[in-house]
Amino acid sequence: MGKVIDGKKIAAEIQAKIEKDVAVLKERGKQPGLAVVLVGDNQASRTYVRNKQKRTEAVGMKSVLIELPETVSEKELLETVETLNHDDTIHGILVQLPLPKHISEDKVIDTISSEKDVDGFHPLSVGNLFIGKPTFLPCTPAGIIELIKSTGESIEGKKAVVIGRSNIVGKPVAQLLLQENATVTIAHSRTRDLEKVASEADILVVAIGIAKFIKKEAVKEGSIVIDVGMDRDENNKLCGDVDYDDVVSKAGYITPVPGGVGPMTITMLLANTLRAAKQIWEKTN
Ligand code: GUN
């Protein structure tokens, strides 16, 4: 029977450390601040943003929410980002994606100061990640690496297969696994014989966005299975891209949905915000 990787518990432990750090800083009159910009009325985005705000406040950081209507112009949004770039009380800026179609996400991300890029989406952060320089790591991939390390199993030399090639998860997590000296394969919807490719993985990261897509035939006995999916099953119940009940007895370790990768994402955002604040203060002192 596979061991469950308890993302909720691991996230809570890291969050407790961040909270302590923030408390010490506040005693010195310094408070890290995160600004989240939400455009429009996407209900899923609204829920994500509310959770980010709650957790930011829970660790004692300043949390600012800027809500803009669906009809906001690109120019206005870019000006909002510029204002936050110059706001000394804000150390991290996150513009919730997706944005309305009339706004270029690339332009918005390019405008966020790379010093405050706590999502790790700015091209400078992405480039630094690619060449192995210290930078802000995108939150979900960073959380995934923490979860894999929490098993105590080494990553070095292992065969890792990442299913999914998005800029937010698939590509950066593959890069991080490579830095940990895994042998990495990126598979995707066009990969031939995906099941066979996946079944050879010692570490399998699934971020394809299809409910219960991975069955036990696609999983190697004793492997580490990380499920990034946030899907709904036939009963509208939250589930992952991995068919948990089918796979759990075959995997060595597995993340549940909910309670696996999800809680780590916001925790890494808080860690990035704390780091951004420290770096900015170091520079200005
Ligand atoms: N939309 C879904 N996930 C994310 C994320 O991690 N960051 C931002 N900015 N938007 C998202």
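Glycine is treated like the rest: Cβ placed from N, Cα and C.
Copied over from TrEMBL:
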- 5-119: domain 'Tetrahydrofolate dehydrogenase/cyclohydrolase catalytic' (DOMAIN)
- 138-279: domain 'Tetrahydrofolate dehydrogenase/cyclohydrolase NAD(P)-binding' (DOMAIN)
- GLY164, ARG165, SER166: NADP(+) binding site (BINDING)
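Structural mapping of features recorded in TrEMBL.
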| residue | record | contacts (Cβ under 8 Å, 6+ apart) |
| --- | --- | --- |
| GLY164 | NADP(+) binding site | GLY170, HIS188, VAL205, VAL206, ALA207, ILE208, GLY209, VAL228 |
| ARG165 | NADP(+) binding site | LYS171, ILE186, HIS188 |
| SER166 | NADP(+) binding site | ALA207 |
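Each residue in the domain 'Tetrahydrofolate dehydrogenase/cyclohydrolase NAD(P)-binding' (138-279) gets a DSSP state, and the totals come to 54 helix, 26 strand, 62 coil. Taking the centroid of the Cβ atoms of GLY164, ARG165, SER166 as the NADP(+) site, the other same-chain residues with Cβ within 8 Å of it are VAL162, ILE163, ASN167, ILE168, VAL169, GLY170, LYS171, ILE186, HIS188, ALA207, ILE208.
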